[in-house]
């Protein structure tokens, strides 16, 4: 990336930091993780959870959701102003699962948001610790990315369901800040912009008046975020054109869809962070580990080491396969929903299979599901190797396209080819004369046509033994070049419905 110098590292985004050196970053990320851990321990005490119940991922999700809801200023204000039946705007809660007489029971808990905010601040030295909240949002987003396919959302905005590899972070809330923007895929940003433009087309006042100015600022900011993800001059120039449009309409929507398609080959840079559930950080803090003193990174060996030594449990429905449930959560923890399955399998040390072949539903349990038949099992979240997370998108050469399979956005910096079905992708570009024909379009198509599926990305980069903390001896895996591995291919995953 040419503009690397002006960019803050994720860890800086994660902690709202000014420029910091590596140790300061590790310390501030560690501080954030420690705060989440302390909060989780306190909540387990409040809820009188046993050690086993505290390590249950479903309980972790409920507790995380409670604190996110307690700090959701906008929604809280909205709930105050639009009281709805049966919803107390001042309270938050959810299902907590406990083991009673050899059976799992569901208990609905309700807490004052004020009380939850107090516990959170207390665990974070009196601060609001927004970075920690964002971290939990990204963990939820990564879990959603792994669990659901966004076909319906893609089709609604006029995009192709095969573009699902561009949809990282599509369920992140708007308030997830710079760290959230960094992990959003090209398709996610395009979808947000298209929704905005459509509102403008349907509502005459959307861009007008005092509010319209704010809307316009948000539009241009989102355009700049998306522009920053593209790595070729032509794609960036097209984004300038979309941003500067006086009155965004269908031409801009067409341009954005064109750009999203182009990102299947000319991949954008999208950050990947290993965000783990709070029930992993809690026990680590409880055992006396000092994250701030030791330092922590979301993109190095630390999350792998932490998962290596963690016990996490999950509720299992009668006909679910515990190994498949483990894979789902492993992928979410490593932010690997859109990674090539060949690479994930190598790192994990067990075969990672496509979503459609998994016998498991999501991690969350609906309130109407029968608890009598519910079992639980240990999630296997360990890995054979570790690898550095990337945000380059794996293009082989900065200004040139590299082969991008129709469904991969690399997570790990590991050498591989990125096979893709070029005829399928290129077919999407023929005869689409809507929008504008321009030199930029021609240039983008030319670069895509030049891409070769057999080119190698991340040349010389490999995985590391877990004992190799300083990443000194890369092990470069060799993959079957013809056999691409995309997770959502030929798939029947559930849809994500808010």
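Each residue, glycine too, has its Cβ placed from N, Cα and C.
Owing to the predicted nature of the structure, the values given are computational and were not obtained by experimental measurement.
It is 198-216, from the ranges 141-159, 160-178, 179-197, 198-216, that Swiss-Prot records as motif 'Bipartite nuclear localization signal'. Same-chain neighbours of the motif 'Bipartite nuclear localization signal' (198-216): 157, 247-250, 253, counting only residues six or more beyond its ends whose CB sits under 8 Å from a CB of the stretch. Within the model, the motif 'Bipartite nuclear localization signal' (198-216) carries an average pLDDT of 95. Helix, strand and coil counts under DSSP for the motif 'Bipartite nuclear localization signal' (198-216) come to 13 helix, 0 strand, 6 coil.
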